[in-house]
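Structure first, then comments.
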Amino acid sequence: MSGLTHFDAAGHAHMVDVGGKQETQRIAIARGTIRMLPATFALIRDGKAKKGDVLGVARIAAIQGAKRTADLIPLCHPLALTRVAVDFELDDALPGVHCVAQVETFGRTGVEMEALTAVQVGLLTVYDMCKAVDRGMVITEVSVREKRGGKSGDWKAEDTAG
């Protein structure tokens with residue numbers, strides 16, 4: 001199991017010891033997309049969904065998702081997040097919505113999982129609020145786009161289109 005930090009020498013799962021790591025500013029940016037029917041897109045764009053402000057509710061859900069990541073992903077460390085920012089971009093061409101989450105902390109481990117969870121929960125909330133009119137929505141292309149801080153340094157996805 002070499003290279004996989006969440007397994008010990010015997011192959012058993014464990015939470016990685018970060019006690020000896022330096023505390024640094026950690027930032028991660030994740031992005032994902034939900035594709036939908038044009039009529040569903042219009043409901044969101046025009047603020048006419050029966051359940052209310054889809055993107056407003058999805059933003060709050062995404063922030064809550066980032067905060068609850070350690071409760072959902074068994075080997076994630078609970079982190080004191082210093083910032084969670086979530087933005088939605090309407091894309092007429094898809095049609096669909098892009099979700100971008102930036103998560104920050106000052107600590108010993110990165111916040112990539114928190115950023116990914118924020119995006120997923122935000123997009124799942126869009127699905128939940130619109131599924132009555134469009135069960136065929138597709139959540140896609142969820143990925144970490146950038147991370148900063150820590151021993152491994154900064155990283156940015158080569159495909160900067162997303």
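Every residue, even glycine, has its Cβ placed from backbone N, Cα and C.
Annotation comment: Swiss-Prot describes ASP128 as active site. In the three-state DSSP reading, ASP128 (active site) counts as helix.
Annotation source Swiss-Prot lists substrate binding site at LEU75, CYS76, HIS77, MET113, GLU114, citing sequence analysis.
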Fill in: CB contacts for GLU114 (substrate binding site) [other CB atoms within 10 A, all chains]
27
Practice prompt. Between the Cα atoms of LEU75 (substrate binding site) and ASP128 (active site), find the distance and write it as a whole number of Å.
Written response: 27
Worksheet item: In Å, how large is the greatest distance between any two Cα atoms among LEU75, CYS76, HIS77, MET113, GLU114, the listed binders of substrate?
Response: 13
Practice prompt. Enter the number of other CB atoms within 10 angstroms of the CB of CYS76 (substrate binding site).
Written response: 19
